[in-house]
Amino acid sequence: MQDPRSNTHVVEATHAQSALGQTHPSIQRQIWHFARHYLEMCVAMCLGGTALALLVFRAAPAVLGIQDLRDTAPAAALIVAAVLYTLPMATWMRIRHMAWRPTLEMSASTVGVAVIVSVLYGMGVLSLATLEAWVAAGCAPWCAVMLIPMLFRLPLYTGRSGHHAS
Ligand SMILES: [Cu+2]
């Protein structure tokens, strides 16, 4: 049997301790933490995603003797591309001991933007040229979209909440 109140006090004490400084990095360190984390995820996206995109859009169709999805169904290709660029990024986040929730939030952001752009194209709001520009841009749009969930979780990505084990 445990007094729930004593439990609360323990939690409060732990928070106060971390707020007192030992895990409160300087602004420069926070900016560096944010930038480094962002660049790591961008590199994972651009290297891993580009390799996967080549495989799925070029190598596999060549082997199977089918057409490039980007030519036959560019709206679907954009969503597939977003998934392919997101997978290595999400894998990297897990390798870096990020929790599932921010990992899935970020994955949902990139794939979500791809779905929105594809739907807008389907509705005739965006032209084929715009859609093709998104597809041709490779990892760039997804790297940019990652900033949105990052800004919503600044304490996590600046290292203030101390999510990293190391
Ligand atoms: Cu990420």
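From the backbone N, Cα and C atoms, a Cβ is placed for every residue, glycine too.
If you check TrEMBL, you get these features:
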- 38-60: transmembrane segment (TRANSMEM)
- 72-92: transmembrane segment (TRANSMEM)
- 104-127: transmembrane segment (TRANSMEM)
- 133-152: transmembrane segment (TRANSMEM)
Original post:
Which of 72-92, 104-127, 133-152 has the most Cβ pairs closer than 8 Å to the transmembrane segment (38-60)?
Top reply: 72-92
Subject >> Positions on the same chain near the transmembrane segment (133-152), where near means CB under 8 A and six or more residues out >> reply: 34, 37-38, 41-42, 45-46, 49-50, 53, 70, 74, 77-78, 81-82, 85-86, 89, 102, 105-106, 109-110, 113-114, 117
